[in-house]
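J.: Structure below; questions to follow.
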Amino acid sequence: MSVFTSDLNPEVALSTSTYNVSTSVYDTYGYYIHPHWKQFDLVPDHWHFMVGVYITIVGITGIIGNSIVIWIFSTTESLKTPSNMLITNLAVSDLIFSAVNGFPLLSISAFNRKWMWGDTACQFYGFIGGLFGLMSINTLAAISIDRYLHIAKPMSAAKNMTRRKTLMMMMCVWAWSLIWAVPPIFGWGAYIPEGFQTSCTFDYLSTEPHMRSYIFGLYLGGFVVPLAITVVCYGLILKAIRKHEREMKKVVDNLKADDLRNKQNKASMEIKVARIAMIIVTLYILSWSPYATVALIGQFGPSEWITPIVAEIPVMLAKACAMHNPIVYAFSHPKFRNALSKRVPWITCCYDVKPSDITSKTNNSYGKRPLSRNMSDDSNYYGSEASSYVTSIGESIPNRSGRLNMQRSRSVESNIGSPEIIMELVRAFVTVANRNVEPDHGTNPQVQDVFSVCGGKQEQLAKYLAELLTTGENTSVSTNTKL
């Protein structure tokens, strides 16, 4: 069923059959315009010009940014992880969203002050915007699930979050997005021009039962459910981090290690994770809640509140998500920054490449990098410095047999002192102790005593670490020990 025929309702039928003889300027545009918009004056030219400039900037930035993300993640071996498949999927979605629903179609229409491409293109534009807008929303929810599993349940994530299962998760994201984007093409819902009449989206103004049921279902399935998943997952991540910090505090108190305590105080994981979670959720809400709010008002509230300018605000905010998503989820990724600086050195003028971003060039020596980072070297840092820091704790990932492999079959330079090693290893010991994981003891009798005799209790771990700490710099510690 075409949305441009007269089978929507009598009022729409009358309007669409007589628009060429109406006195409304809108009726000279040559395509269907919902009667709701005809009660308002034409949008001033300067508003159209500002929208055109804004969309041009946002669209070009989104196209360039997401293209770079796809290029780096698909050609850098160290970034080809299951978790980063979701980041790449987000970039593909945002790239298509920017290229079709931003620049140049919307920009050209804005500068010409009306939709320039006809009825069929309006259907296509609305479908692409709906599909890849929902794709972006649902991928963000999938990323939040992936982060939760890796940080709060690293043992389970290591076994379950394989490439195959991540691909299945992506297929679910695509399927769920298609479920809500396709129906308007066949009559359940519709795609029509909106607001300034320079872009097309879901018809949230017609109140017939089939229109209203679609908008309400889209609101729940396309906005509320993904938002709830995202908020819950980041809330659980914060809870896991708080629990970890309490455990770390106990070990620090037992060790009476001022240096380690100072480290923890200076780099509060909870604060960093809370900050990045707040940024992610806030951007999510700012990008999509205006659309959801306007749609609900159009269906259940006083529709006269929906003026062309009010309707255009959600358009501007939603288009911007394709620009800031690469920044939040990719450009803040330490390994991404490092790979990008190697491929495009001049781009480092736009951001700082921190020493911690630079990985070792050899496979056999990690130098003085924190061992907790070495353990998570094959894992995703999740697209932000904050979550990167947290990942080093949550991703002491076991091998396929479920046992922690401290060194990933790599060695550490022998010039690192025993106390320094101990303080770097505390995080891994606590993870093992509190998750009741039976480690692979190897041939080290001291480690075997700690875990087998005392069952991995924190008190015994603290005692063992304290004894090693007092042995001084000359103590020989096997750096090939597996824990």
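The backbone N, Cα and C atoms fix where each Cβ goes, and this holds for glycine too.
Annotations in TrEMBL come from automatic prediction, not curation.
So TrEMBL says this about it:
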- 47-73: transmembrane segment (TRANSMEM)
- 65-329: domain 'G-protein coupled receptors family 1 profile' (DOMAIN)
- 85-104: transmembrane segment (TRANSMEM)
- 124-145: transmembrane segment (TRANSMEM)
- 166-186: transmembrane segment (TRANSMEM)
- 214-238: transmembrane segment (TRANSMEM)
- 273-291: transmembrane segment (TRANSMEM)
J.: Pairs of Cβ atoms less than 8 Å apart decide it: which stretch in 47-73, 85-104, 166-186, 273-291 has the most with the transmembrane segment (124-145)?
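T.: Result: 85-104.
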J.: Short question: which residues 6 or more past the ends of the transmembrane segment (47-73) have a Cβ under 8 Å from it?
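T.: Distal contacts: 79-80, 84, 87-88, 91-92, 94-95, 97-99, 102-104, 106-108, 110-111, 113, 196, 198, 309, 312, 316, 319-320, 322-323, 325-327, 330-331, 336, 339-340, 343.
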J.: Residue list, the transmembrane segment (214-238) vs rest of chain: Cβ under 8 Å, 6 or more residues beyond ends.
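T.: Cβ under 8 Å, 6 or more out: 134, 137-138, 140-141, 144-145, 147-148, 151-152, 176, 179-180, 183-184, 188-189, 202-204, 270, 273-274, 277, 280-281, 284-285, 288-289, 291-292, 295-296, 298-299, 390.
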J.: Kindly say whether the transmembrane segment (166-186) and the transmembrane segment (273-291) touch, using the definition of 3 or more Cβ pairs under 8 Å where each pair is 6 or more positions apart.
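T.: Since fewer than 3 Cβ pairs under 8 Å link them, the transmembrane segment (166-186) and the transmembrane segment (273-291) do not come into contact.
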J.: Roughly where does the domain 'G-protein coupled receptors family 1 profile' (65-329) sit in mean pLDDT, to the nearest integer?
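T.: Reported value for the domain 'G-protein coupled receptors family 1 profile' (65-329) is a mean pLDDT of 88.
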